[in-house]
Amino acid sequence: MSADNSSTICVCRSVRQELGIAIGFLVPPVLVPNIEDRDELAYHISIMFYIIGGVATLLLILVIIVFKEKPKYPPSRAQSLSYALTSPDASYLASIARLFKNLNFVLLVITYGLNAGAFYALSTLLNRMVIWHYPGEEVNAGRIGLTIVIAGMLGAVISGIWLDRSKTYKETTLVVYIMTLVGMVVYTFTLNLGHLWVVFITAGTMGFFMTGYLPLGFEFAVELTYPESEGISSGLLNISAQVFGIIFTISQGQIIDNYGTKPGNIFLCVFLTLGAALTAFIKADLRRQKANKETLENKLQEEEESSTSKVPTAVSEDHL
C-alpha cells in the first residue's frame, strides 16, 4: 500500500470510533426513557448494561481470535523503513523521553487534548444543556449528539482526502481548529434561542470541524514523531484528551450548575482559542513524508544505476 493512503487509513479508523460514539448518543435515550418510577428506571438501565456487556464480550472474543499484531506487509515505504530502524531492545520509556524532547509534538499533545477534551465535555453535558433550554427533549438531545458525530465523520473523511492530496498537515489542522472555535462560538450563542432546529444546525456545523479534527491530530503526530512507534504517540494523545476531558467536564458542569449554559460554553471557547494559538506555533516537520521521499529517490537511483551497469555488457555481447 502506498504512503499516500496513510491518511485515509487513519480516517477510516477514526470514523469507526465515531460511529460507536454516534450509537452511544442515539440508543441510551431510547432504551432508558425519562420516567419517575425508580424501579422501572432501574430495569431499563440494567437492560442497557446487559446489552453493552454482551457487545463488549463479543468484541473481546473477536480481538483474541481475529486480530493480528501487525500486517503481513508494511502499509507504506516509510513504515517498512521504520520496522528496519526499530531495535528489538527498544525501550518504551526511552521513546517517550525522546517524544517529550520534541517541542512540536509536545505542542500538538496540548492542543489535541484541548480540542478533544472540549469535545468530551460537550458530549457528556449535551443532554443537560439541551434539557436546560428545551425540557422534555431527551430523545432530541441524543439526536443532536448523533448529528454532531455524523457531521464529524463527514468532516474526517473530507479532511483525510485533502491531506492525501495536499500533504498540508499544519495548515489543514490549523484551519479546522479555527473553524471548530467559530462553530463553538456560534453554538454557544444560539443554544438558548428557543428553536431546536437551530441547535441541530449549529451543533452539526461545530461537530463537522470538532470531531473531524481528531484524525488530523493522529496523522500530524505520526508525521512529527517518525520513526517512533505510532502506538506510543497515539497513546500520549489519548492520555492528553482524557485528562483534559475530565478537567473540562467537571469544570464546565460546575459552571453550568452555578451560572448557566452560556458561561459554561464560553469556558470551552477560551481554551479552544488557546489551542488554536498554540497550533500556529507548531512547525511542520514532516519526517515521515521526508522518509518516503528519500526512500523513493534511493530506489529510483538504484534502478537507474542497475540499468546503466547492464548496458555495456549488452553492447559488448552484441558486438562479439
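Backbone N, Cα and C atoms are what each Cβ position is placed from, and that goes for glycine too.
Features of the protein shown, as given by TrEMBL:
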type     : residues : note
DOMAIN   : 1-287    : domain 'Major facilitator superfamily (MFS) profile'
TRANSMEM : 41-67    : transmembrane segment
TRANSMEM : 103-122  : transmembrane segment
TRANSMEM : 142-162  : transmembrane segment
TRANSMEM : 174-190  : transmembrane segment
TRANSMEM : 196-214  : transmembrane segment
TRANSMEM : 235-253  : transmembrane segment
TRANSMEM : 265-284  : transmembrane segment
REGION   : 297-320  : region 'Disordered'
Closest-packing stretch to the transmembrane segment (103-122), where packing means Cβ pairs under 8 Å, from 41-67, 174-190, 196-214, 235-253, 265-284: 235-253
Residues from the same chain, set at least six apart from the ends of the transmembrane segment (265-284), whose C-beta lies under 8 A from its own: 104, 107-108, 110-111, 114-115, 117-118, 121-122, 129, 169-171, 173-174, 177-178, 180-181, 184-185, 187-188, 191, 220, 223-224, 248, 251-252, 255
PLDDT averaged over the residues of the domain 'Major facilitator superfamily (MFS) profile' (1-287): 83
